[in-house]
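Copied over from TrEMBL:
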| type | residues | note |
| --- | --- | --- |
| DOMAIN | 76-166 | domain 'CS' |
| DOMAIN | 151-225 | domain 'SGS' |
Amino acid sequence: MAEELALDLEELRQLHSSAKRPRILSLISSEIRSLEKLQASKEDGNAAAPPPTASQIPIPISTSVKAPINPALNYVSVSSFSWDQDMDKVKIYVFLEGVEQEKIQTDFKPLSFDVKFHDVKGKNYRCAVPKLNKEIVPEKCKVVVKPTRVIISLFKASKGDWPDLYSKEDKLKPNLDKEQDPMAGIMDLMKNMYEEGDDEMKRTIAKAWTDARSVKAEDALKSYR
């Protein structure tokens with residue numbers, strides 16, 4: 001047993017002299033120390049059990065676990081995007097960098113879509129149209145990520161040209177949110193009607209707008225009398 005220990009020590013010392021990597025040197029040195037202690041205990045007649053060698057000590061292994069998507073409740077609305085179409089589909093181009101395909105959440109319905117982009121440079125974005133001009137086929141729709149933009153492909157339920165992305169009814173509908181000034185919704189409605197209307201409609205809305213401003217000015221003057 002003593003001879004075996006001596007031979008092991010001699011070979012380990014030779015390995016130590018030729019080793020270069022710091023981790024390997026540390027492991028060999030630890031093993032040499034353990035065998036030297038064991039040899040000393042044998043020579044002293046000490047039958048105590050040897051301490052665990054470096055090869056017996058478990059080495060912690062670093063593991064990398066991919067964190068699941070944890071979307072925040074707040075989203076930045078993507079209100080500016082471009083789109084084009086052919087007879088079969090509509091393509092929407094969202095210009096965002098840093099989007100990861102596995103961090104996209106989609107909700108396609110026959111007359112709407114809602115696409116959420118999570119953890120894009122620390123923020124969450126959302127691109128949605130609550131009411132499309134015409135119906136789409138949800139199961140065919142898809143999202144493709146490019147280096148500088150995201151392409152949302154909407155497949156039309158029936159071939160043809162769309163006059164607009166949004167439903168005209170939805171476009172003219174005022175936003176009467178409880179937290180929003182009701183007048184703001186009416187003004188939005190008048191603005192959309194002016195943009196969509198003919199010359200007669202535009203003249204009528206312009207006159208109503210002028211009259212409304214005149215009434216406000218008159219009321220303001222009354223308060224000073």
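A Cβ is built for glycine as well, from the same backbone N, Cα and C atoms used for every other residue.
Here the domain 'CS' (76-166) has, by DSSP, the following mix of helix, strand and coil residues: 6 helix, 48 strand, 37 coil. Here the domain 'SGS' (151-225) returns a mean pLDDT of 67 for the predicted model.
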